[in-house]
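These notes are about the structure you will find just below.
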Amino acid sequence: MAPSLDSISHSFANGVASAKQAVNGASTNLAVAGSHLPTTQVTQVDIVEKMLAAPTDSTLELDGYSLNLGDVVSAARKGRPVRVKDSDEIRSKIDKSVEFLRSQLSMSVYGVTTGFGGSADTRTEDAISLQKALLEHQLCGVLPSSFDSFRLGRGLENSLPLEVVRGAMTIRVNSLTRGHSAVRLVVLEALTNFLNHGITPIVPLRGTISASGDLSPLSYIAAAISGHPDSKVHVVHEGKEKILYAREAMALFNLEPVVLGPKEGLGLVNGTAVSASMATLALHDAHMLSLLSQSLTAMTVEAMVGHAGSFHPFLHDVTRPHPTQIEVAGNIRKLLEGSRFAVHHEEEVKVKDDEGILRQDRYPLRTSPQWLGPLVSDLIHAHAVLTIEAGQSTTDNPLIDVENKTSHHGGNFQAAAVANTMEKTRLGLAQIGKLNFTQLTEMLNAGMNRGLPSCLAAEDPSLSYHCKGLDIAAAAYTSELGHLANPVTTHVQPAEMANQAVNSLALISARRTTESNDVLSLLLATHLYCVLQAIDLRAIEFEFKKQFGPAIVSLIDQHFGSAMTGSNLRDELVEKVNKTLAKRLEQTNSYDLVPRWHDAFSFAAGTVVEVLSSTSLSLAAVNAWKVAAAESAISLTRQVRETFWSAASTSSPALSYLSPRTQILYAFVREELGVKARRGDVFLGKQEVTIGSNVSKIYEAIKSGRINNVLLKMLA
């Protein structure tokens with residue numbers, strides 16, 4: 001048995017989530033090191049691993065109790081075959097509910113012998129015609145009035161995505177399989193036949209308030225399987241996508257329309273399946289975006305030469321043991337293991353030794369587990385809620401208790417549980433976006449990015465503004481995410497003769513959440529593009545430093561060796577010159593190459609004069625050293641750059657600096673997607689593929705799910 005939602009919420013409130021019993025059917029005990037707080041906590045990685053492991057080719061058997069969200073996604077997006085489980089118990093429950101309803105046809109039964117909603121004061125003995133009347137008034141959505149729009153490649157902008165309709169059909173069959181709804185097995189098989197033959201009803205995008213379930217959208221599904229003459233469907237036949245009337249599509253596959261019996265129209269349309277389907281798909285994508293956000297955070301730490309200590313277990317497991325904060329910190333810590341960019345251990349220094357150096361990373365990196373942890377908690381909770389809603393719930397009305405031979409009039413169709421998960425998820429998406437946006441802008445800002453070139457220009461910044469446009473675009477995406485985060489559920493209007501005076505607006509909220517996923521995908525694709533460029537530029541910097549360290553010593557010996565004879569000034573001079581150069585170079589990363597190095601050594605010359613003031617040093621020697629050192633640095637920089645770019649065409653030298661796990665994402669983008677680091681059109685003297693086209697490749701990999709297993713491999 002799955003735990004109740006109350007028990008899940010209670011365990012979350014105590015930092016001990018039992019949601020895994022609803023999601024995985026099992027528990028994992030995680031001892032929190034040093035905190036003395038044993039927890040039973042499903043992790044987000046567990047959830048994603050299970051979702052992505054859902055098969056796509058084996059038949060999904062629906063029994064009303066075991067459907068999980070990965071199954072819904074595989075049926076909705078991958079066309080996984082679906083059927084009602086071949087079980088005597090299931091057939092018996094369904095048959096008994098139908099028989100019980102038939103025994104009540106002389107009684108006043110809502111939606112069987114009465115009218116609907118605020119019209120439930122009407123009565124009829126024509127139960128079959130009543131179901132037709134139900135569909136008639138609910139088939140009221142706006143779709144193209146002719147096939148011309150479809151032929152011109154338009155017409156679907158006001159219809160639900162086909163994957164949402166397929167997911168809704170899967171969830172609805174699963175719910176009706178429970179035998180609480182008096183809908184015959186032949187009707188369920190009509191739905192699975194549509195799914196398995198790739199016949200998908202065209203359903204209006206708008207027009208439901210998700211109160212008595214999603215009445216109008218589900219009516220279009222019911223109309224299609226019953227062969228309504230004006231019902232349109234999408235089908236793939238002989239390798240071609242077509243929009244046909246439902247009867248035409250059924251004829252292609254020798255399918256017969258079903259005639260809906262008493263309550264069967266109501267049993268099909270009165271439920272939360274459409275909202276639950278769109279919410280499930282939105283949540284699946286939100287999980288993936290959350291993992292991508294964590295991965296980008298780790299890679300930004302690397303690009304910014306940030307501190308792995310921000311994710312130390314003492315900070316999270318011991319001193320603030322929120323389970324999802326622990327998880328996020330652990331994920332990022334794992335991603336940084338073995339990185340040569342990230343600072344893993346920092347020696348304590350005296351007050352004056354690191355003057356002018358930022359002592360710790362800024363909030364977007366340092367507090368990312370504390371920021372993302374609560375959002376991950378909301379996603380895990382939403383997963384538990386939707387697992388119950390899609391896999392273990394009957395959501396129409398009235399419901400039949402076969403064992404006790406009674407019917408119950410209630411409101412399981414009120415989709416507030418779904419709506420609330422979407423409200424929280426959408427708010428979380430905006431907060432994820434805000435975090436990644438601030439990480440991105442810090443990385444692009446020459447005054448904050450620890451010496452990376454302005455706008456991540458690979459060559460002279462005066463003629464390359466590489467990521468400046470992306471900076472602006474990212475601000476637009478983040479602003480839109482903030483707007484979309486506004487609540488939907490506060491905009492309820494009384495409807496249907498004020499009978500549905502409160503309504504969940506779950507599908508509208510799920511639609512807005514799907515939009516947020518899309519916008520966040522754009523933002524994270526932008527971030528990923530930029531962080532890889534930053535990593536490449538940081539690798540060039542590190543390669544340069546390896547070679548320039550000995551060169552500095554050699555130049556100092558060459559120009560000042562005689563002045564330092566018999567003294568202990570050499571080591572002091574080398575150390576102070578290096579510090580002066582590092583500090584000045586970080587302040588001048590918007591300069592072009594040549595003036596930047598001449599400026600840096602002009603500052604370093606002052607350090608030379610200061611250290612060697614007690615010697616016989618001449619100003620001519622200092623000036624000669626200054627010019628020679630600057631020219632040497634300029635020459636070496638160009639040499640290192642050329643070596644890097646030549647090697648990057650095969651296997652980038654940056655890989656050796658990244659952690660083994662972040663190497664996976666770097667290689668996926670650079671090699672599999674073919675998005676290369678950019679030197680600049682002006683420098684190369686030709687116009688290359690646009691920046692936007694390269695970001696688009698990453699965006700498409702996110703939207704298609706191509707990146708999903710890459711992220712799981714990184715975090716497994």
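Cβ atoms are placed via backbone N, Cα and C, with glycine included.
Summarising the environment of Y110 (active site, proton donor/acceptor), the number of other Cβ atoms within 10 Å of its Cβ, over all protein chains shown, is 16. The active site, proton donor/acceptor annotation in Swiss-Prot covers Y110.
Swiss-Prot lists S212 with the feature 2,3-didehydroalanine (Ser), giving experimental evidence as the kind of evidence. Under a cutoff of 8 A between CB atoms, and with a sequence separation of 6+ in the same chain, the neighbours of S212 (2,3-didehydroalanine (Ser)) are G117, N270, N397, F413, Q414, E496, Q500.
R366 ((E)-cinnamate binding site) carries a helical DSSP state (H, G or I). Note: R366 ((E)-cinnamate binding site) has non-local neighbours H307, S310, Q360, i.e. same-chain residues 6+ apart with C-beta under 8 A of its own C-beta. For N270, Q360, R366, N397, K468, E496, N499, the entry in Swiss-Prot reads (E)-cinnamate binding site.
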K468 ((E)-cinnamate binding site) - helix vs strand vs coil (DSSP): helix
Integer Å distance between the CA atoms belonging to K468 ((E)-cinnamate binding site) and Y110 (active site, proton donor/acceptor): 62
Binding-site residues (N270, Q360, N499), the one with most neighbouring Cβ atoms at 10 Å: N270
Distance in Å spanning the most remote Cα pair of N270, Q360, R366, N397, K468, E496, N499, given for (E)-cinnamate: 59
N397 ((E)-cinnamate binding site): tally of other CB atoms within 10 A of its CB: 22
Collapsed DSSP category at N499 ((E)-cinnamate binding site): coil
For Y110 (active site, proton donor/acceptor), the three-state class that DSSP assigns: coil
